Amino acid sequence: PHIHPPMATSMGCLVALCLVSPLLLAGAVHGNPGYGGLFPQFYDHSCPKAKEIVHSIVAQAVARETRMAASLVRLHFHDCFVKGCDASVLLDNSTNIVSEKGSNPNRNSIRGFEVVDEIKVALETACPGTVSCADILALAARDSTILVCGPYWEVPLGRRDSLGASIQGSNNDIPAPNNTLPTIITKFKRLGLNLVDVVALSGGHTIGLSRCTSFRQRLYNQSGNGLADGTLDVSFAAQLRQGCPRSGGDNHLFPLDAVTSTKFDNFYFKNILAGRGLLSSDEVLLTKSAETAALVKAYANDVHLFFQHFAQSMVNMGNISPLTGSKGEIRKNCRRLNNFH
């Protein structure tokens, strides 16, 4: 049996949201050592406290604001989908860089950068020039998931940081709330991710909040006929319209899982079955493909299966085109390149 790091089990789960996650006891998913050149023990000698430092700062951040867990998971996702998991999303604008933070999916929406800065400062103090910002994002996403009662997985490590950003990639490659299901599947497939990854990773919407602007069209004009989306539960739609008017209120926030918005569980999938998925990209998993619908039902019925698939899919996503060896660099400040101009 695999022995878990004590911090994972003893932390259990923030606030008394739940007992220790069943998967912690059932055995975790392992990153395949050497897959993409990454492996969980990468810093065991060069920075033995790295994982502990990340975990402790993420725990403090999530204790201050539970929503931060969802924000940090999303940061890793928005990083990996653009140029691979290389911390390109963290770069600020500079002479040679147009930041991905200004792209459509990220502008006024992506957050958690200060927490990453805090982790980076602590790691630079402990082991200067050793732990990459890309690895910080991967660890912070895993720790965030555990802290709100989700599954544990071993994070393969050894990514290095990009020397550039891609606002075009950020605008085009990240799945959008109003994308059709074929478009979403294509965006995943291009990166080597399959249908299981699409549905399991969408389940990350069991935590976090979404802005009115991300789902407004479902309430007022989904099919261009001025009517609400027919797949949306009528009373749920009425409730959403109160806080998300036809115009204005763009940044009003709504839980992606209205039942247990701060707990990582399978209510996201149960909600979809009840016509209470918030985003169009949530709903289409049930209505536009028999294969994805079967997974939605399977996860709604079996939280262990969802946890197992989510953990494996996070490892798969974390393996998208990492920079390793002598490629890229280890940034001293995650917001800018080491030879910053």
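All residue numbers here begin at 1 and follow the chain in the order shown.
Just so you know, glycine gets a Cβ as well, placed from its N, Cα and C.
Just so it is clear, the model here is predicted, and its values are computed rather than measured.
Of the cysteines Cys47, Cys80, only one is given by TrEMBL as the disulfide partner of Cys85: Cys80. Per TrEMBL, the disulphide partner of Cys334 among Cys127, Cys133, Cys149 is Cys133. The residues near the Ca(2+) 2 site, meaning same-chain residues not in Thr206, Asp257, Thr260, Asp265 whose C-beta sits within 8 angstroms of the mean position of the site's C-beta atoms, are Ile207, Val259, Ser261, Lys263, Phe264, Asn266, Phe267, Tyr268, in sequence order. For His205 (heme b binding site), other Cβ atoms within 10 Å of its Cβ number 23.
Counting Cβ atoms from all protein chains shown, Thr260 (Ca(2+) 2 binding site) has 20 others lying within 10 Å of its own Cβ. Its Cβ taken as reference, His78 (active site, proton acceptor) is surrounded by 22 other Cβ atoms within 10 Å in the chains shown.
When each of the recorded positions Arg74, Pro175, Thr206, Asp257 is scored by how many other Cβ atoms sit within 10 Å of its Cβ, Pro175 comes out lowest. A 10 Å cutoff on Cβ-Cβ distances gives Asp265 (Ca(2+) 2 binding site) a total of 22 other Cβ atoms nearby, all chains included.
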